[in-house]
Amino acid sequence: MIPGGLTEARPATAEVQEIADRVKAQLEEETNEKYEIFKAVEYKTQVVAGVNYFIKMDVGGGCFTHIKVFKDLSGKNNLELTGYQTNKTEDDELTYF
């Protein structure tokens, strides 16, 4: 992997779903939406001074949202929602944002 570059897309794991679940409330607050369905589909990572997770979320009704979550290197499992893109489709590629 190239430092700073994005990995190839991989199917979401239980760990990635847990990361997404931990920032769901923050995303709902920022988008003023309530997500009945919030399922991680796939993800990419980027190594920086921690790890950025770019996660494609199925939010129901054929709609998808891309979220970016930063996990620091403190070992305390601190997570921060640092970006999101709404109105995505299942076929939209995860890209840097």
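Yeah, the Cβs are placed from backbone N, Cα and C, and that goes for glycine too.
Between the listed ranges 16-20, 36-40, 46-50, Swiss-Prot ties the annotation motif 'Secondary area of contact' to 46-50. Mapped onto DSSP classes, the motif 'Secondary area of contact' (46-50) shows 0 helix, 4 strand, 1 coil. Across the residues of the motif 'Secondary area of contact' (46-50), the predicted structure has a mean pLDDT of 86.
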